[in-house]
């Protein structure tokens, strides 16, 4: 065999070996994510930790959109669009996070939150109660009900504009520090709490509660038994326009 023939055979041998390696073991199975992989995207972090100059979008959606217009030395890590503020207050420049964020509660103020802190509850009742993401004991609460201007200014030290046409209703900015945030103003058909609330994106939202309970609340008009439940469990099929209320604590007692 000539040297040319041997060289050609060697090259063909290497090419065939490379093709075999590229094809692998012949397994053409499409690999799906493992059972432990997360199927849903993680909840986005708020682009600010606190905010004094909060802006509410005029879009009538729920949860509403907020933007923080505070000028800061450095934007929060979660901020995606951090822009330089013209004529900033800080030496070396100031920045503003221009992100819009969808949330029920935009969070506490940075410098004035303690001004509205009270050990006495500013409201007699509240439909849209919000527990603040702080860790004191007792907890801190804010009522996000939309009130007539005269109601808000009479009961609260600080009020802010509610989403919607201007001028319009106001929301109390005061923070209550106590164990009991008070009763609802409008009774929910399912009672004071709900673990499985489903709401649309309107503002205010229309909600229903799919909790299976021993008995429906007195305010429920359409109480239906869960099929094949033993002992019997019930679900209130009523719909309610407004905040669904807090989750039930502890869940095991539902």
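Cβ coordinates are placed from backbone N, Cα and C, and glycine is handled just like the others.
The shown structure was predicted, so the numbers you read here are calculated from the model rather than taken from an experiment.
If you check Swiss-Prot, you get these features:
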type	residues	note
DISULFID	125-185	disulfide bond
DISULFID	126-143	disulfide bond
DISULFID	152-159	disulfide bond
DISULFID	156-172	disulfide bond
DISULFID	193-248	disulfide bond
DISULFID	194-209	disulfide bond
DISULFID	199-207	disulfide bond
DISULFID	216-223	disulfide bond
DISULFID	220-236	disulfide bond
SIGNAL	1-22	signal peptide
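Here the disulfide-bonded residues are 156, 172, 236, and the one whose Cβ sees the fewest other Cβ atoms within 10 Å is 156. Residue 209 (disulfide bond) carries a strand DSSP state (E or B). Looking only at the disulfide-bonded residues 152, 220, 223, 236, 248, the one with its C-alpha closest to residue 172 (disulfide bond) is 152. Of all the disulfide-bonded residues given, namely 185, 193, 207, none has its Cα within 10 Å of the Cα of residue 236 (disulfide bond).
Secondary structure at residue 194 (disulfide bond), taken from DSSP and collapsed to helix, strand or coil, is coil. Residue 199 (disulfide bond) has its Cα within 10 Å of the Cα of these disulfide-bonded residues: 209, taken from 156, 185, 209, 216, 220.
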